[in-house]
Each structure stands twice: as C-alpha cells, then as structure tokens.
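These come from TrEMBL:
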ACT_SITE  Asp138  active site, nucleophile
ACT_SITE  Tyr268  active site, proton donor
ACT_SITE  His316  active site, proton acceptor
DOMAIN    2-70  domain 'Epoxide hydrolase N-terminal'
Amino acid sequence: GGVPADYLRWVVERWIEFDWRGWEARLNAHPQFVTRIDGQDVHFLHVRSAQADALPLVLTHGWPGSVAEFLPVIGPLTDPAAYGGDPRDAFHVVVPSVPGHGFSVPLESGWNHQRIARGWAELMRRLGYDRYGAQGGDTGSVVSPWLGAVDPEHVIGVHINGGLAFPDVQADDLEHLNEVERERLAAAERLRAVGTGYAELQGTRPQTISFALSDSPVGQLAWILEKFWEWTDPAKPLPHEAVDLDHILFDASIYWFTNTSASSANLYYEGRGEPAPPRTGVPTGVAVFPTDPAIRRVLDRRHRIVHWSGFTRGGHFAALEAPDLLVDDIRKFFRGL
C-alpha cells in the first residue's frame, strides 16, 4: 500500500539531522553552469578529464532522480587512473538537470523526451563537442536513444540502463523467451498492475498532486521514497540497504528546496502519446540490472544493440546502487566503438 508509516517516521528523523551543507559542498565541488536553450534555462555539471583525448559523455538522470545520482560515477569516469582503471577509458562528463528538475527551472511548456534530446545536442555543440556518447537510465533511457536519433552525425554510441519501459512484447515473442525473460515479463506485469499509480497521476494531473507535495516535505519525501522502496535491488528489501540513506535524503532535499514536484512530474504529462525514438544505426549498449524489464528480442527491434550485459546486483538506480558495475560497463561499451 506504499511506504510504511514507521519506516517513514524513521527516515524523517534522519532527515531532520541531515547534513545539507555537507552534501551541497559535495555537489558544488564540480563545475556547474546554467545556459538558455530553446527558451529554457538548463543547469548542468561539466567535469572535464585531465586526459585531453577523453570522450565527451552526456549523462541523463530520471525521476525521482537528479544530477546528484551521478555523483558516485563522475570521479571514476573522468579520472579512471585514480580509481584503478585505465586512463584511456577517460570521459569528459556533462550532467544536465532535465528541464523541470532540480535547477533547470522555471519550466517552459512542451519539453518532451525528443525536445530534451534536441536540447542536449545543442548543449554539446555549445561545449565544442562534435563526437560524443550518451548514457542514461529511467528518463535517460528514453532521452539517450532520442539523442542518437536527432544527432546521429555526432553521437558515436548510446548506453542505457534502468526503466526501459514496459516490454512491447508481441505474440510471436513469447515462444522465444528464456526463463529469465519470462520472470522479467511477469514482474513487469505485476508492476503495471499495482505499481503505476504515481505515473497515472503525474501523466494526467501533475498540477493537482503537486499542491500536496509542495505543501508537505514529508509528503514529498514519501512520494520519492516509495520509488526507492519498489525499484531498488530486490535482494535488499529496505531502501537504505540498497542506497546510502543520506543520498536519498539529498535527492529529496533537492526536490523540496527547488519546489519541483509539479515541473518534474510534467515530463510524464508531456510524454503521454509521444512516439518511441525511431530505430537508428547508432551503436547501443544495454546494462540490465535485477529490476530492469529488459528483453533482448524486444529491444533489438528498437535499437542497434552491439553490447548487452546482465547483472545480479543493483537495481533501477544503478549509478547509486552499483556504480562500480555501471562504470565498468560504460567503459567496456565505449572502448569497443
């Protein structure tokens, strides 16, 4: 029925003691900018590697995420040698706040996934990058393929994880599914039956639900915490077992302090009826974590998949839950292009 009251009370007590300034400093340790693209203020982190020939990479977060969800991977991606990796795997990292989320406000109307992708293409052009990669989960698993579709002459590869939408399974697919894929499909069916109430509200009445969320920090926290309850590694039943609780609280604090419950939910509204990204020739890599409803046969119809990895640890918020696995998979994928 949602987040248990006793657990929420415990998390709220932790929130009261939460070190916002310490986490704010952690975010502010990275260079940040705001630029105006197509009438919209876009906030972004831009962390260049010391490796001059590093590959530019734009990372796209989802809901209820923010640029903060990539904090654990920025260091390993930009400076692999400092984390036991190969300096040849270095990236120049660009992490924008999705319009309506975090500091990309106020939100102008009409920002669906395709328009966000066009905005990212313009952002990368302004930064002087004419050859770059795209990565993302949740919203990012839609925006990143769109980026490959709208800017194929510059995007060399797309890597996606988490939130690959409900599998568009057709009748003749069923006989070809293996046992793991059948389990994923059954889990996706269960989620669609009882776990999509938030999406129906955000996709049809984002303004209405926001009046409650904008008026109550506990309400906003519970709305976000439920997703960390449902979408994280199934082997770790409680959210704080899968993700550092302070990181969840930092994420919730960003939503609360920026008052973006309505504007972030609006992407669900704008995305209703939006077509899926068209199939392109851009090489695509897919990292599948335990909660991802990814079925290779289905995704092959939509993407030119050249890299596929399955993991037994982690969940929907891979950059927070299993940053080591995600970073390693991103490196492997782009190394092969």
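Cβ atoms here come from the backbone N, Cα and C positions, even for glycine.
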Q: Rounded to the nearest Å, what's the C-alpha distance separating His316 (active site, proton acceptor) and the residue listed as 'active site, nucleophile'? Just drop the number here, would you?
A: 8
**Q.** CB contacts for Asp138 (active site, nucleophile) [other CB atoms within 10 A, all chains]
**A.** 26
Q. For His316 (active site, proton acceptor), what is the secondary structure by DSSP, using just helix, strand and coil?
A. coil
**Q.** Residue counts (helix, strand, coil, in that order) that DSSP gives for the domain 'Epoxide hydrolase N-terminal' (2-70)
**A.** 25 helix, 20 strand, 24 coil
